[in-house]
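So that you can see what the record holds, here are the features copied from Swiss-Prot:
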ACT_SITE  HIS41  active site, nucleophile
ACT_SITE  ASP289  active site, proton donor
DISULFID  CYS159-CYS378  disulfide bond
DISULFID  CYS214-CYS312  disulfide bond
DISULFID  CYS353-CYS357  disulfide bond
CARBOHYD  ASN191  N-linked glycosylation site
CARBOHYD  ASN269  N-linked glycosylation site
CARBOHYD  ASN330  N-linked glycosylation site
CARBOHYD  ASN339  N-linked glycosylation site
TOPO_DOM  27-393  topological domain 'Extracellular'
TOPO_DOM  415-426  topological domain 'Cytoplasmic'
TRANSMEM  394-414  transmembrane segment
Amino acid sequence: MAGLGFWGHPAGPLLLLLLLVLPPRALPEGPLVFVALVFRHGDRAPLASYPMDPHKEVASTLWPRGLGQLTTEGVRQQLELGRFLRSRYEAFLSPEYRREEVYIRSTDFDRTLESAQANLAGLFPEAAPGSPEARWRPIPVHTVPVAEDKLLRFPMRSCPRYHELLREATEAAEYQEALEGWTGFLSRLENFTGLSLVGEPLRRAWKVLDTLMCQQAHGLPLPAWASPDVLRTLAQISALDIGAHVGPPRAAEKAQLTGGILLNAILANFSRVQRLGLPLKMVMYSAHDSTLLALQGALGLYDGHTPPYAACLGFEFRKHLGNPAKDGGNVTVSLFYRNDSAHLPLPLSLPGCPAPCPLGRFYQLTAPARPPAHGVSCHGPYEAAIPPAPVVPLLAGAVAVLVALSLGLGLLAWRPGCLRALGGPV
């Protein structure tokens, strides 16, 4: 007797439903072809003090390099991260730094620029300071002024649309209910700190937590009122504030104005490397907890915790070993998150796509969080509409010349971003 077939089987409809609902199976991993890394700077001094801080009068002694500056511990953390990256990519990267293989960009802050340099000293020890003079060589770290940085420092403070979205989140019933429950706590904290906290942006409370945590990490005694319960409550308040910035409502639109910009740049850089056959293997971004939080929000991976110092989120692009036509392309994307040097990095999966995720599926799932082709508000007239810059300056320059010959120099003059593209990856 002939078989019932899929549709004739009593369980057929249920099996079809499971096939539609369950995420696709994971694909086998293949050889590595490109890596993008986004990491937070290392340990730093507090960003600020507060009026009743018992250590305020000796701050210049405690933090001789100044508030917000990288500490010796921060340098050590970044050296360790660089050594971890060297061990992870030993067979992928050349043993010595090659400008055509690795590109590094940082925000224009001392702590992130120094963190990038310390990281590179661990990643390329042959070129690190302290090596024999004949072998030591500095490695360039690229940056742009803070006011012009829309890739790693997002225009949240100056973006009216983002403020509308944030106001919608902070006026939501759930947010207001949580805030009301902390009114008494914040009022008591005002008496201990000398700060106005009730009715003020929650970032003020976060700054108190940041100062206390920095002091505690460096062995300084905390005031009696700063109990573990107080620190825990401050962390919960901080998580509520972060959630309003990167989470629902309208999380995807927030991402288009923040972390989706960086996500788009990472994907665009890989696309150009593949399309033009460029030798670039790795792009590194030295930035802040806010950068990582926004990127986690764009990926749907924010877990309610602030990234620790030297936390690193990695994107690994691989040629996969399956059937490209069947599995949605010949490249996969895997994510990892290193947030604790004592443990192996955590493999992450994009919601809806187990790792390694086919690149086409990755593009599809992240599309709502990335800026649309026509651009978004709060960005310049050209930057949002022009594809991110080509990577590797010399080869990109050759491509730009060919474009100029075929399209005419007038087009490049009309689109100044194309000329800016000669500076390297975004």
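Note that the numbers count up from 1, one per residue, in the order the chain is shown.
Each Cβ is built from the backbone N, Cα and C atoms, and glycine gets one as well.
Here the features listed in Swiss-Prot are painted onto the structure.
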residue: HIS41; record: active site, nucleophile; Cβ contacts under 8 Å, 6 or more apart: LEU70, GLY74, GLN78, PHE109, ARG111, THR112, GLU114, SER115, SER286, ALA287, HIS288, TYR309, ALA310
residue: ASN191; record: N-linked glycosylation site; Cβ contacts under 8 Å, 6 or more apart: none
residue: CYS214; record: disulfide bond; Cβ contacts under 8 Å, 6 or more apart: ARG44, ALA45, PRO46
residue: ASP289; record: active site, proton donor; Cβ contacts under 8 Å, 6 or more apart: ARG40, THR306, PRO307, ALA311
residue: CYS312; record: disulfide bond; Cβ contacts under 8 Å, 6 or more apart: LEU37, VAL38, PHE39, ARG40, LEU81, LEU85, TYR337, ARG338, ASN339, PRO345
residue: CYS378; record: disulfide bond; Cβ contacts under 8 Å, 6 or more apart: PRO155, SER158, CYS159, PRO160, ARG161, TYR162, LEU257
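Closest in space to ASN330 (N-linked glycosylation site), of the recorded positions given as ASN269, CYS353, CYS357, is CYS357, taking the CA atom of each residue. Within the group of glycosylation sites (ASN269, ASN330, ASN339), the Cβ with the highest number of other Cβ atoms inside 10 Å belongs to ASN269.
In the three-state DSSP scheme, ASN339 (N-linked glycosylation site) is classed as coil.
Separating the Cα atoms of ASN269 (N-linked glycosylation site) and CYS353 (disulfide bond) is a whole-number distance of 22 Å. For the disulfide-bonded residues CYS159, CYS357, the ranking by surrounding Cβ atoms (within 10 Å, all protein chains) places CYS357 first.
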